[in-house]
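Look at TrEMBL and you will find 53-249 tagged as domain 'Glutamine amidotransferase'. Annotated L-glutamine binding site per TrEMBL: Cys128, in sequence order. Annotation comment: TrEMBL describes Cys128, His233, Glu235 as active site, for GATase activity. Annotated active site per TrEMBL: Asp277, Asp435, in sequence order. Annotation comment: TrEMBL describes Gly364, Asn500 as substrate binding site.
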Amino acid sequence: MEAPPFSSSSQLQHCAHPLSRIHGAWNRRKPNLQSKKHFSIRASSAGDSTVTLLDYGAGNVRSLRNAIRYLGFDVKDVQNPKDILNANRLLFPGVGAFAAAMEVLNQNGLAEALCTYIENDRPFLGICLGLQLLFESSDENGPVKGLGLIPGAVGRFDSANGLQVPHIGWNAVQISKDPGILEGTEGHHVYFVHSYRAIPSEANKNWVSSTCNYGDHFISSIAMGNVHAVQFHPEKSGEVGLSVLKNFLDPSHSSKTKKWVNKKSSKLAKRVIACLDVRTNDKGDLVVTKGDQYDVREHTEENEVRNLGKPVDLARQYYKDGADEVSFLNITGFRDFPLGDLPMLQVLRLTSENVFVPLTVGGGIRDFTDANGRYYPSLEVAAEYFRSGADKVSIGSDAVFAAEAYLRTGVKTGKSSLEQISRVYGNQAVVVSIDPRRVYLKGPDDVKFKTVKVSAPGPNGEEYAWYQCTVSGGREGREIGAYELAKSVEELGAGEILLNCIDCDGQGKGFDIDLIKLVSEAVTIPVIASSGAGIVEHFSDVFQKTSASAALAAGIFHRKEVPIKCVKEHLLEEGIEVRL
Ligand code: 1PR
């Protein structure tokens, strides 16, 4: 594993708001620097195309690096506090948990350098946690002190009234002052993924440059002088996000006429996700395949694996077509070890070079011992996926085993892949992929699992069904229902559910509404409806009849039967908010 540039300790400190002297925005507190070191600032001698990146090694910063390079800039990594002070422009993509990030900043003298840099009104852009750390404190595993630059505490979204947390997806922001680097985002959606947020108040109103509506109004960006921070991910927000980065990196790029028109308030847009089931075919090529009820072989004499195209090419195409996310499922990952599957990692690396929406990868995420007896923890597998450009990992079979053990013992061991990855990378980075099969029943109490009254009776007139979870790509049925699995994996740390349905997969007859309703009722995390899309009306149907946050399809996109654009236009006509 690549070592992060900085290690953490338990010592915490924070710094006073340095811009108080410059802007008079906040001068209630005295500086509170514990370190006696004082830094002087000096413009870097590095060329003007250099961007200094403060990456402390806690997650996927590859996409941001790719976006910077895509825009024609070079990346210089911060190795010590001096690099911060000498930066021409500093990007701070906070990833991971608040407390861990503060520990790293304090341990390495970076917190003080950061404050000095900002005190001198030097060009700064914080992203996501890089915005939250500027505030006084956070409730995330806390309270934990932040850098204390902006008044206010960062708190968790309140899921008490059914709000799905994390806030994952595309929202438009309401710009509240000169748009600055946000110029061009008016009325467009940008991508958020977070469970904590800062709230606008009288004390921090001079900082707030935009807010966003999710449950309540939270701060989506701050700006003062050359200091900026955004709660959303510009590197994951398509062309709109790239223009925000470009406005920051090259201020001459944005127009001088700072007029803007705020479009009507936005809700969280429903996402349309393109899914690529990937595996090696019989010739040894990595191909995108697609099954009927999980059978991916042609019904010919050769019985070959269906080949619907090349993974990187298709992902790029779907990005251009307007997919809100792209998922790769390594469908033979349950039997092949992903770290041995270098082409799959290469697919991610290449895709993330110019696909600037979230990428999920699944298949084979579990602890593994290879033929030589070397043990690879699942965390290592996930880390390699994140380093290669994934924003989220999706766990299938191993999550079923973890949920079964949890239901059996009632104990969270903290050792399952789900728990470990979620603890280290945050639950927003962990999707659980469920592969259930419908089992019809005569009565609602015929099994110990939660049943549904089905909308269409079974082959023998059955009125009820339960949804049996499977592992190993549908090959093995387990004694656990989709409802029970969903509830358990949420408790174990899943941030999202990818809900497939073996019966509907590849059939083009619509999503399994009964199943999606059942699972959506079980959890407060977002549910992605998957399997069965055949026409645009299937997408409006699933969003109108269930609380699914996203709808995923594969076959109709691969076979070019229904363009993503048509799906989105149809949803808009139906009054369903989407990102265009
Ligand atoms: O168990 O952690 O190794 O993960 C394996 C992953 O691979 C799981 O996410 C599992 O869903 C997936 N998988 C395994 N075998 C298959 C298969 O098809 N033989 N694919 C498979 C699952 C379902 C969806 C599909 C939708 C939409 N494919 O991904 O894309 O059903 O299709 P449609 O729009 O054409 O109907 P682990």
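FYI, residue positions are counted from 1 along the chain as it appears here.
Glycine residues also receive a Cβ, built from the backbone N, Cα and C atoms like all the rest.
Curation plays no part in TrEMBL annotations; they are all automatic predictions.
Confidence across the domain 'Glutamine amidotransferase' (53-249), taken as the mean pLDDT and rounded to a whole number, stands at 93. Long-range Cβ proximity for Asp435 (active site), meaning a same-chain Cβ under 8 A and a gap of 6 or more residues, is found for Tyr294, Gly396, Cys469, Thr470, Val471, Gly473, Gly474, Asn500, Ile502.
Checking the recorded positions (His233, Asp277, Gly364) against Cys128 (L-glutamine binding site) with a 10 Å Cα-Cα cut-off leaves His233. Screening the recorded positions His233, Glu235, Asp277, Gly364 for a C-beta under 6 A from any atom of ligand 1 leaves Asp277, Gly364. Ranking the recorded positions His233, Glu235, Gly364 by the distance of their Cα atoms from the Cα of Asp277 (active site) places Gly364 first.
Distance from the CA of Glu235 (active site, for GATase activity) to the CA of Gly364 (substrate binding site) is 27 Å.
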